[in-house]
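A short write-up of the structure that comes next.
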Amino acid sequence: MDVDYGKCWDTSKKSWKSTLILAYQSLGVVYGDLSISPLYVYKSTFAEDIHHSETNEEIYGVLSFVFWTLTLVPLFKYVFIVLRADDNGEGGTFALYSLICRHAKVSLLPNRQVADEALSTYKLEHPPETKNSSRVKLLLEKHKSLHTALLILVLLGTCMVIGDGLLTPAISVFSAVSGLELSMSREHHQYAVIPITCFILVCLFALQHYGTHRVGFCFAPIVMTWLLCISALGLYNIIHWNPQVYKALSPYYMVKFLKKTRKGGWMSLGGILLCITGSEAMFADLGHFSYAAIQIAFTFLVYPALILAYMGQAAFLSRHHHTIHKIGFYVSVPDCVRWPVLVIAILASVVGSQAIISGTFSIINQSQSLGCFPRVKVVHTNAKIHGQIYIPEINWILMILCVAVTIGFRDTKHMGNASGLAVMAVMLVTTCLTSLVIILCWNKPPILALGFLLLFGSIELLYFSASVIKFLEGAWLPILLALFLVTVMFVWHYATVKKYEYDLHNKVSLEWLLALGPSLGITRVPGIGLVFTDLTSGIPANFSRFVTNLPAYHRILVFVCVKSVPVPFVPPAERYLVGRVGPAAHRSYRCIVRYGYRDVHQDVDSFESELVSRLADFIRYDWYKAHGIMDRCNEDEGSRSGTSSGECRLTVIGTLDLSGTPAFELEENVQPASVSVGFPTVESVTEVIEMQPVERRVRFAIDNESEVDSGEGMDGQLQEELDDLYTAQQAGTAFVLGHSHVKAKQGSSVLKRLAINYGYNFLRRNCRGADVSLKVPPASLLEVGMVYIV
């Protein structure tokens, strides 16, 4: 992590203007959920556990808890500490996990390569490593069980975010619509609120396929209007009803509250914690804005507005004890403005729900990229704005569950209990992961990380315990959902890793491929054959199965590996690693396509055309190297990296025009647009620990004035190889994919047999196929059946 935070505080006029615009735009995306919490916090808190009395000790105690919770968690924890733990400007659970995996060898992702560490986005901090932080790092790396525990912790946080995406729209819209209870009889209200809420929810989910950008232009003004509205109402209530309510901000009232209410006060914390729902969005949506923009928006607008709103409600309730059965947001709204406020509240709740739904799509896409979630269809709703996606299957499942929760619970209390537990679980996971980042990435003394963990972890554990105790009153829902999703994600990830290990141990040698020829009845047919595999070296077993049953393969043969790297983005110029498989005359190549966990997969119009273009660039580059232009570089590279399995070393092929006489220079710093050689590949999962990262890369500069690539100057062999490539492209491309069935080996435990034979295979049959994910034309698809014994 090498982010220059000084840029955020550039005092130039242009920089400040851009930052303020981003801060304004962040209101509609980041703070929609957090800003609507005044709708239901007091109502959930006073649902049953405590009662508002004439002494006002209860309402003052709740206000004190709300104030200090908002100050300590969103302001101090997130704005001033957690937001700095970004991954190349990206935030969220996977960003923290990615940072930890890059600084300590704890990742369980397969097919990793040392070449991945040379990516320009693979940024590491290198402050002086302390003795204690080194011990923590060695401890984590030594025990495999800790790697698994860390992954499960990340998956648990991910599942709770998904649970929040289910519960937040229900409680937000329901609480906003509940304002109708003051304008109609209880009898009519009972039959009106639920249908109206369900109708709004169905409309909200039905509009998701249009994309956030279609309606996003009005999100920020809505939230801004809502924040100004609750601020004005808060000031009015404070001045009109109880100007002395500010005294309740003292921590003394928290102690007094707990002394008087005892167990009931502790259980009521499950409602108070709802005041910080949506705080995680500040970190999760960091990549769309900037550290300074989010900090300014929260510190100078959102935080003061929320404090004024809660103080205003408390001031009103301190003078209206007869509203004991109607405690809520709308009772403190003057009658003359109640209807406009109701409309703004419903619009704000829709905006807040939209933000968490989009966040759910994003985190599922990240899970899928890292092999932790079954393949689903991801639709990118905006070609210009990165990260705006829509997942149809997840959208309709969320809609059905959201409507079911609304109809099933029918009150704010049960929804609040469920939502509160999900929120606190996500925050606890973030606190634990940030503590590791402080030690491993920032190399701070473990005592600081322990202090961070104890301070914020104890606050969150207190609130979490108050939510768990209400298991039968709604809190069971996120727990049940999380257990189900963690099981699905872990089983999918476990089987994916086992399949990779099976491929690794059953791959075919390069000599076997080179020995195939007319003497064995093998023929080369016109066209390009793209053999998809998870392996970064060697010949996959599914190709040997293909050749055994059909003794022919294409004139141009390319082994393609599409893999994820633990970075948020891979620059297009560094995405493709290309190398030869065997001699040039064999016309066989290997292409590794690398994506980050936030990258858009298949982000080109035609993967086939893009791949052919990269192969052509590689062939030209290899010709330059063969003619002695790269001799000096090869001598240096050869001294520190060997060739794996007899294959030529892989080369990073970027978007450069290799049409001139290349000049080159050896440099210490990695440049994004570069062509490099000499990256070793990892033969096994455990080999990652032993291999050292590549220290230097070759940058390839092009002299545009030269015309070496013209018809007269081009070598005949180069021209012949390029002609073969383009002729094969005209003949057509075949995509060879493995169609796998996974079985647990004999003697496996009952749990493993259930997970693999039934769980994983059920998920595989009912998720999107690899051909759909890779956008393979059906007419060009060849599937090779494989049975994996794991």
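Every residue gets a Cβ built from N, Cα and C, even glycine.
In TrEMBL this protein carries:
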type	residues	note
DOMAIN	22-514	domain 'K+ potassium transporter integral membrane'
DOMAIN	526-788	domain 'K+ potassium transporter C-terminal'
TRANSMEM	21-42	transmembrane segment
TRANSMEM	62-83	transmembrane segment
TRANSMEM	150-177	transmembrane segment
TRANSMEM	189-207	transmembrane segment
TRANSMEM	219-239	transmembrane segment
TRANSMEM	264-284	transmembrane segment
TRANSMEM	296-317	transmembrane segment
TRANSMEM	337-364	transmembrane segment
TRANSMEM	385-409	transmembrane segment
TRANSMEM	421-440	transmembrane segment
TRANSMEM	447-469	transmembrane segment
TRANSMEM	475-495	transmembrane segment
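Sequence-distant contacts of the transmembrane segment (62-83), counting only residues of its own chain at least 6 positions beyond either end whose CB sits under 8 Å from a CB of the stretch, comprise 34, 41-42, 45-46, 91, 245, 248-254, 257, 268-269, 272-273, 275-276, 279-280, 282-283, 286, 291, 294-295, 298-299, 303, 306-307, 310-311, 314, 427, 430-431, 434, 452, 456, 459-460, 463. Counting Cβ pairs under 8 Å that are 6 or more residues apart, the transmembrane segment (296-317) and the transmembrane segment (447-469) reach fewer than 3 and are not in contact. Along the domain 'K+ potassium transporter C-terminal' (526-788), the predicted structure has mean pLDDT 71.
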